[in-house]
Structures are given as structure tokens and as C-alpha cells.
């Protein structure tokens, strides 16, 4: 592809510059190969302009940079633009050229992964070759690629979308994080619909205020969705009204789900141990669903996913039937096993205050004994949530064990102390493996254990090193060791 064939560069790349052949695109100078277009982006920690010379040395034939970015004597065309992140996303979309016919995106603090996964499953039930992209990876009829980035950078995203299209995928659901939206990673995606789940405290190390955080998420509606496109909004969150207003002002076709929903109205929920009986109204029809998932938050996620599926071609009756067959996303209230007495042990990704509150509230109805929770907070991230999560854990669980969870460059004991300050009666065990084994060893009949924070993750980040670690594997090992000591 020639540089001038990327529509945005028609005028900027005139003459000989426009004839330059582009063989790839990247914003990482280390990934540059001969013929690449390099995007010199300003980041929080570094300015890509510093690496422009290195990119050229590695083979870059053109550079995208901001209008206020000076790159002297580059030796290749430098295209100065108002919003280089937006331009990078559009260029990546044009370079790779293909994406599934039907694309939807979901934003919100919690539930994005589950909604994207559930939407894929409902589409698949209805006969559409479908995929989902997000925190747990890329899942389609032909692949299960695990990674840990909620919204991939635009080059990687469009490479994956092109591959999925070549594999025959026609429908894809993706997560839209506030970082991804703010950094324009989705700007080249042609969306058919969008969704909002909820808003709580998260990423306060990146966004200055909750209003700024909400504003980043609302870019999905006011910048990315075409006018008239459906916006599925969970109606029962404290920020639902703001999301509805933003989507309405953006010209979206707003459809709400939940107890206050006007599209899918939740009428009744009856909790059982590992499933829930749900009654909803859609138009004039009443549907009874046996949802094979625990927790009110999973009901909300399922309804948002059903809404997305319905506005993209799935009949209501088929969508409701599909809900009875849903499987939880990896690491989302994931039942690992049980003790010899039948006390269940779960792993959950909850690493934010609202998510921790949701999961602990969800297991309470079917817990006849104690709720036991093991959790920690990440280093180099929002410090303000640590005492908040400590208070939530001590209020909603009967036994709290505070441990380490990706301390990164911080002193682990300091992180734990900030949690412990508000976690009345909690036990502190820094070693996460020891904390899990201790929790499993103390389980009694009727108890429920939740190990929160990592979910699907397979590592513990200490300093700059990621050490192999799986909550799922450690809980399974602890249960196995217990069963050896106490056979049924």
C-alpha cells in the first residue's frame, strides 16, 4: 500500500512522499521493520518523537507526529497531524482493510468481559460465526488466544480483526476501556451498536476525576457510534441516567435493560446456589430463564449482552433461550472446586471496589456458613481504592485475608497496610499462595471462599518481573491437598 492510498494522507503526502510503499504500521520503534509507517505518540511516560531516529534506522519510511512535535532531519516524510492517535487508528483500519460485518463494543467499569463473551455466545447460538476480544483474549470458532489487554492498540486490533474476518467471523464483540477510548484505539472500528454496564471507582491514577472517567467512556456514544445506532444501557446503575443522557444527545437509539429497562425489563430473580431463575418482559412477551450463573451482576451482564444480540439480528426468543446455556468468562466467579463437605471455592477477577462488593454480595444468598475472601490491591495503581476495598471486604465477608496482588514497584507491606487500615478484623498474609492455602484449610461446611483480584491472570508482577502464578491452580492445589488429608 502506498502512503497516498491511506485516505487521511492524500494531501499531506503529496508528490514523491505519497509514492512511498508502506509495509506495516507501528507506534513502537522496536517493532519497526523496513517499509513501516511509524507513529510518534506522546505517552504518559515517554514521547515517541525521541525514538523517531531509531525508527528510521530500523527501516521506517514515514512518520506520523503531532503538529506541536518537532522531529528534525528525519530523512523521511514527517506527517504532522492534529490528533496522531486518531490518525494511527484510521491508518491501521485502512492498512489491514477488513473487519467483521457486525461489530459491537461495551464500556463500563465492570462486566465488559462477561458482556462481550455472552454476546459472542448468543450470536453463536443463533448461527453467526462470532468472536469476542478483550481482557481475557480473543475467542472465536477457531481460536482461544489468551492475553491481558482490555482494548488492544489499534494496529494489533485491526490485525486481529482482519484475521478474524479471513477466518469467516461475521460478528465480533469487544471491550472498550476508558484508556482505549481516550487513546483513540477504537477510532477505526465500524460499530453497529454499543453498550454501557456501570461506573465505579477505577483508573483514578489515569483520570483526574470521576467526571473525566465517565467522559472517556461516553466517547463510545458521542464519537464512535454512528447517529441512530443502538446504545444498550443498563438502567439500574447510579450513573445510568448520565449514560442515557450522553447517548441520547449523541443521537443514539437508546434502549435500556434491567429493572427500569424499556427494552428488556427485569421482573423477577430467584437465587439458587449456582444458578438463578429470571423473568423478563420484552414488549408484550414474558420470558422465564434459568440462568446458569450466580450473582445479580451476572443477570445485568446477561441482559446487556442479550440487548446487543437482539439489535444485531438475533430474535428475542432465541436470545432468551441462549441465556440458559451461557458459560461464564474465564476468572469471573469461576467455581474451581469444593471441599469434601461441598463448600465451594471461587476465583474472581474483582480488583475494583464495586466488583468486590458485587461478588461478595452475590455469594451471600447461597452461603449458609461464612463468606471467606482473599484479596489484595495492585501496586502503581489507584491508591485511593485500597481502604475502600478493605472496608467492603470486612463489611461483607466473615473472614478476610489480605495478601499481595501485583505489587509492581511498591513495597508490598505498605500496600497491605493501607488495605488493613480499613479492614477491621482482617488477617494479613503477604504470600499469596500461603494465603490461599490458609483460607482453604479453614473452610467449614456451608462456607464459601472467594479468591479475588487475578481471575484469569497467570502471573504475579513483582518489580519488573512477572512470576508464574495462577489463583485457579493454587486453589485447586489447596483443595486437592485438603482432600488428601480429609478424604470423603
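Just so it is clear, glycine is given a Cβ too, placed from its N, Cα and C backbone atoms.
Keep in mind that what you see is a predicted model, and the values were worked out from it rather than measured.
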Per Swiss-Prot record, range annotated motif 'Meso-diaminopimelate recognition motif' [choices 397-400, 401-404, 405-408]: 405-408
Residue in 381, 395, 433 which Swiss-Prot records at the meso-2,6-diaminopimelate site where 405, 406, 407, 408, 453, 457 also bind: 381
Folded-back contacts onto the motif 'Meso-diaminopimelate recognition motif' (405-408), same chain, C-beta under 8 angstroms, at least six residues removed: 351, 375-381, 415, 432, 453-454, 460-463
Cβ neighbours of residue 453 (meso-2,6-diaminopimelate binding site) where a neighbour is any other Cβ within 10 Å: 28
Residue distribution over DSSP helix, strand and coil in the motif 'Meso-diaminopimelate recognition motif' (405-408): 0 helix, 1 strand, 3 coil
Recorded positions listed as 112, 217, 381, 408, least Cβ neighbours within 10 Å: 408
Coarse DSSP state, helix versus strand versus coil, of residue 112 (ATP binding site): helix
Site with most surrounding Cβ atoms, counting all protein chains shown within 10 Å, from the binding-site residues 110, 113, 406: 110
Neighbourhood of residue 114 (ATP binding site), C-beta criterion under 8 angstroms, separation at least six: 298, 301, 305, 328, 329, 332
